[in-house]
Amino acid sequence: MAANGNKVGSKRRKNLPYNVILLDIEGTTTPITFVKDTLFPYARKNVEKYLNNNWESEECQQDIIALQKQSEKDKDLEGVISICKSEDIKGMDEKSRQNLINSVVKSVAWLMDADRKVTALKQLQGHIWTKGYEDGELKGEIYDDVVPALKRWTSLGYKVYIYSSGSVEAQKLLFGYSTEGNLLKFFSGHFDTKIGLKIESESYQNIAKSIEEDPSAILFVTDVVKEAEAATEAGVETVISVRPGNSPLSNADKQTYKTIESFDELLQDEDLDPKKKKTLLESQNVELNKTPTVTGV
Ligand SMILES: [Mg+2]
């Protein structure tokens, strides 16, 4: 691997046997601050607008009912904002509607302040983000070196998958409406915690099984050492992504894992296995053959 080839002593083989690149999102393709500094504040700011604009939709009604139920469950907690039960949300008069909206807005702020991971909140946030992306108000932030690497890897025949704690739906929004356009075409598939937690080695075995690859044919890129440990235990080759704002690595971590600061460092020409190199050369020849001959040169 080009620039950092000597960082790890290393067990790395000269010719890489990978077929698949498995990418984490936060701290890897995307700044670690994106969720905290962009997505969460956006959801908080847009609860009222979302409820007003989508009041009549079944989805919005379900969101309100779920939050009402949650506030019932939380009724003994300090500072809880209760949301009055309403049998007929659609047929409500304007004043009751405004009261209900106000209590939902306050309740969501309270849940978010307490960093609650409850389904009712996650579901509403997901719907607000979907609208935000669709309306062009939100764009998934992607590091500059990501798209050139995705193009390079996929043109060489590598398959690229995403594995993130964020739901598959959220992943598709982030990459589908990214600062670099719709990137979904580069991915062969997406995994979230339904396949298992990212810090458990079994999850990586499950992914390998589900894509019908040997774990050793997978290269996983993440910023989190515990995830790297789990993947390594499963026999998956792992590289740690060092991006601005990521948690610092200990010296021992730097000794154990290969690190990269940019995807430019991953799977460059000199890292290719001979079969892939042949394919690359052939595809380049095809490209050359397509070039119109300039006469008289
Ligand atoms: Mg991460």
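Quick reminder: no glycine exception, Cβ is built from N, Cα and C everywhere.
Unlike curated entries, TrEMBL annotations are predicted automatically.
Because the structure is a prediction, the values reported are computed rather than measured.
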One of LYS131, LYS194, LYS198 listed by TrEMBL as binding substrate at the site of SER164, SER165: LYS198
TrEMBL annotation, Mg(2+) site containing ASP24, GLU26 - matching residue among ASP192, ASP214, ASP223: ASP223
Distance-selected binding-site residues near ligand 1 (C-beta under 6 Å), from ASP24, GLU26, SER164, SER165, LYS198, ASP223: ASP24, GLU26, ASP223
Of SER164, SER165, LYS198, i.e. the binding-site residues, those within 10 Å of GLU26 (Mg(2+) binding site) when Cα atoms are compared: SER164, SER165
Conformational class of LYS198 (substrate binding site) under the three-state DSSP mapping: coil
